[in-house]
Amino acid sequence: MYPPIEPYETGKLKVSDLHTLYYEISGNKEGTPVVFLHGGPGGGTDARDRSFFNPAKYKIVLFDQRGAGKSIPTAVLEENTTWDLVKDIERLREHLGVEKWHVFGGSWGSSLSLAYAQSHPDRVKSLVLRGIFTLRKSELRFFYQEGASHLFPEAWDEFVAPIPESERHDMVLAYHAQLNSQDDEVRLRAAKAWSKWEMSTSKLYVDPAHVAEAEKDDFANAFARIENHYFINDGWMRDGQLLEQQEIDKIRHIPCVTVQGRYDVVCPATTAYALKKVWPEMKLHIVPDAGHSSREPGIAKLLVEATDTFAHI
């Protein structure tokens with residue numbers, strides 16, 4: 001990854017009566033524009049996200065999606081859907097005077113990248129995706145009900161602990177009740193447990209510092225509430241919509257590189273493989289010694305190689 005840099009511009013963009021987005025721009029003012037779509041949903045951006053791009057070649061745009069990071073109000077679920085976010089990306093593009101840009105996203109960011117590209121294919125120069133996630137019921141069931149639980153039984157025990165046994169047949173629904181409780185203590189305990197489950201399973205080698213992120217009240221509250229809100233509503237999409245032939249046909253002409261960890265249990269490789277089958281023109285790298293995180297060495301290396309390749313477009 002490239003060395004750390006600071007943004008040369010930060011701003012706020014009001015996208016509705018309720019929501020205002022935080023955005024920042026770094027790199028080369030005259031460079032080719034790229035927009036970074038963070039994960040979660042609800043995860044927010046991080047200063048290290050700038051380092052996937054050559055700052056001499058790219059005009060790097062990061063923003064926090066509705067309710068996440070420095071966007072306000074925090075953790076709010078109203079007016080917060082996939083299609084609201086797609087419209088926000090277009091508003092930001094227009095606000096910055098960008099005609100077309102590269103789109104980079106991992107995990108939930110890959111879902112949003114696909115949704116945006118399929119909605120506005122004429123505005124996308126290239127796609128760099130990581131840890132493909134498409135909100136299918138089967139994907140959510142694997143991670144939040146039965147699948148990843150078999151690989152991380154001790155972390156799973158902590159995840160189910162706040163939920164009464166009688167409600168554990170539908171963990172997403174059970175958490176939905178607690179994450180929207182009027183009791184602050186109940187809500188925050190659930191938020192931390194939800195967030196810790198994901199942080200504990202995101203890397204091939206579990207990183208205690210990464211897991212500790214889940215203990216931060218503001219982060220956990222936004223991350224867990226917004227994620228659960230999107231999942232309980234199936235992303236406001238048909239099951240498998242992002243993988244449908246007619247949707248892929250809209251973006252088939254866009255150059256795309258996908259990087260997938262072989263041992264990613266948050267977003268297992270089966271989804272990236274399904275995308276490759278319906279979109280054979282896409283270049284798929286499966287990293288043999290990596291999990292879900294974009295920070296894992298093999299994944300980070302290939303992501304940077306992909307952005308370097310597209311820098312001239």
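Quick reminder: no glycine exception, Cβ is built from N, Cα and C everywhere.
Whatever TrEMBL says is automated annotation, not expert-curated.
In the structure as shown, the Cβ atom of S107 (active site, nucleophile) sits within 10 Å of 26 other Cβ atoms. Feature annotation from TrEMBL assigns active site, nucleophile to S107.
The number of other Cβ atoms within 10 Å of the Cβ belonging to D264 (active site), over all protein chains shown, comes to 29. As annotated by TrEMBL, active site applies to D264.
Counting only same-chain residues six or more apart in sequence, the Cβ atoms lying under 8 angstroms from the Cβ of H292 (active site, proton donor) belong to S107, G131, T201, S202, K203, G261, D264, V265, V266, C267. Look at TrEMBL and you will find H292 tagged as active site, proton donor.
The annotation domain 'AB hydrolase-1' is assigned in TrEMBL to 33-293. Confidence annotation: the domain 'AB hydrolase-1' (33-293) carries a mean pLDDT of 97 in the model.
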